[in-house]
């Protein structure tokens, strides 16, 4: 019973973000489709080879995607919304891009599909759309082509396929309502066809991802697994793959399935290995997800070995990453600016492959010397002064209930704010960022590289802020922003100015499509050595008589969009960040900034996957926000922003944030999200996003007016704000000006009645 290792997937963007650059070049019309496809082939070949060189036995194929893997699955099944279809019914890569972006180099523009978070990660997928009587057929053979590529290169491969029930679970019904689970029998023949094609190619194992099995699924969905997998059995061996949580609550459903193996996440789940071994059929393979695919920390391999060693030799066993390595940066070895001590604490995707090789070798030989050597830096870290700050720990321990309460209730504050700002009905604003032009990015890069001194850099940034203020005044917006020219990323910027964080040069991970983020890493206790945003906010406010919002990223979002420490709770990290940013709110207020936005787009995505675990998380998440904001005076208006969210199940907590104004992303869901606020009778002010900033399409005045009228049927007009869905950082100035001009015009039309 020789143990082998495998990964569930590998980062696809490339070490230098080659995929992003190729996509954006193609979208802009600067390269051909053939050139784009060639970059994909080159990256796949490189990544398979890198994994093999790092000691991986069985390589994942089908984990590559041109936008996201759920969208790839939609195309595989022929699930293309009517508005995105080619006239001749064919499907090509531009079809895929139209679903993701709303437009592509060919075909007519049409509203992009809805985008949402992949379980509780920072990765996104395009939500599959289902209509009554829908037909499915094998349409997009990317998976089969990539398997052929890998086999031609001589690799031992394991195709990766998103399972049918998880796929249906992730989608939404459009038009006439029906139970989307009823489509299961319609999509299974396509899965059967794909598995038959893989069998023809001599494939032994297929990784079929069913992460929905870690959720608290309705009984009807659990019941659907047995007949579905009865239909899929027999052509190849199926490794039923779960991740992000444990499977014990649904183990009875799982063990009844006609599959040949089960992958479990032993990092994020609480499954007991001995219990799993006892309950799984004896002829099943167990794939043990021991190496964290979602973080950057070096694994304590001695501990991982102890976790699994008792079942070695008792059943077929593979060792693996907990989930796809998609969520981790690619290679630590190219990081030249991290000091040796801190660098020794980390492992990126390729190093995690090496960890899997070390673990496999030790489990096969019984020799653990290499594991102890690998794990030594982890022991040293526990006592490092880089990690522990007694002053922060003391301040955290001294928090009282009073620290999370504003001085007065919303009604009292709203009156003070109305008297101070005298805003018109339907006040217009934006979410914070303006287009990050090539000039802005070059300016920041030159400064970072030392090619530009601090004075010239500051002059340049001041000029861009001035331009943003001039543009907004010209457009007639009511509440302005400084545009965030100095910020590369809403989380990275704050991390760079807080103690307790470190940064990488090339630690990119994919968020969606071509968007990549470089998350900060929380290595120790968090504190604020000096004001962060005050100087630029104060400068922007000096340029105009209109209020300029101070812009902060909230504590839960900084936590969720960073790689967190693993030695303290997420609650502890969030509250440390909240205390640091509380001081920033006080300093902004003292500098004359009267409106302060604390963005919490990640509040909902941080929810545990199981509803039974929600309350504890929401309690400390809300408390962290309130600690951050509660220092503000009555006439200081606190805004918050949230995106990609479904709120109906957490409305109590949204209201408990007690922000004076909340702006939300609603345009892609056609104001659907406002139902939650209406039913809950949300007491404070709200700005439902009136156009989708993820698409370059410019909305008409009529379209925006119609959305606002729809919103006013649910929320009293006197409590409505008018704003885009999200920040405008990724857009160009021409479409930004056009869209905002239409938005302001729509608000003015409504004021006139």
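Glycine residues also receive a Cβ, built from the backbone N, Cα and C atoms like all the rest.
If you draw a 10 Å sphere around the CB of residue 19 (5-methyltetrahydropteroyltri-L-glutamate binding site), it holds 24 other CB atoms from the protein chains shown. Marked as 5-methyltetrahydropteroyltri-L-glutamate binding site by Swiss-Prot: 17, 18, 19, 20, 117, 515, 516, 561, 605.
Residue 599 (L-homocysteine binding site) falls within a strand segment according to DSSP. Swiss-Prot lists 431, 432, 433, 484, 599 with the feature L-homocysteine binding site.
Within 10 Å of the C-beta atom of residue 599 (L-homocysteine binding site) sit 25 other C-beta atoms, taking all shown protein chains into account. Positions annotated as L-methionine binding site by Swiss-Prot: 431, 432, 433, 484, 599.
Same-chain residues at least 6 positions away in sequence with a Cβ under 8 Å from that of residue 643 (Zn(2+) binding site) are, in sequence order, 601, 664, 665, 689, 725, 726. For 641, 643, 665, 726, the entry in Swiss-Prot reads Zn(2+) binding site, with the evidence type sequence analysis.
Cβ-based neighbour count (10 Å, all protein chains) for residue 694 (active site, proton donor) stands at 23. The active site, proton donor annotation in Swiss-Prot covers 694.
Neighbour density for residue 17 (5-methyltetrahydropteroyltri-L-glutamate binding site): within 10 A of its CB lie 17 other CB atoms from the protein chains shown. Within 10 Å of the Cβ of residue 432 (L-homocysteine binding site) there are 25 other Cβ atoms, across all protein chains. Counting only same-chain residues at least 6 apart in sequence, those with a Cβ under 8 Å from the Cβ of residue 484 (L-homocysteine binding site) are 432, 433, 434, 490, 493, 551, 727, 729. Looking only at Cα atoms, residue 19 (5-methyltetrahydropteroyltri-L-glutamate binding site) sits nearest to 694 among the recorded positions 431, 599, 641, 694. Comparing the Cα of residue 17 (5-methyltetrahydropteroyltri-L-glutamate binding site) with the Cα of every entry in 431, 599, 641, 694, these being the recorded positions, the smallest distance points to 694. Not a single one of the recorded positions 117, 516, 605, 694 has a C-alpha within 10 angstroms of the C-alpha of residue 641 (Zn(2+) binding site). The shortest Cα-Cα distance between residue 117 (5-methyltetrahydropteroyltri-L-glutamate binding site) and any of the recorded positions 431, 599, 694 is the one to 694. Compared over the binding-site residues 117, 641, the count of CB atoms lying within 10 A of a residue's CB peaks at 641.
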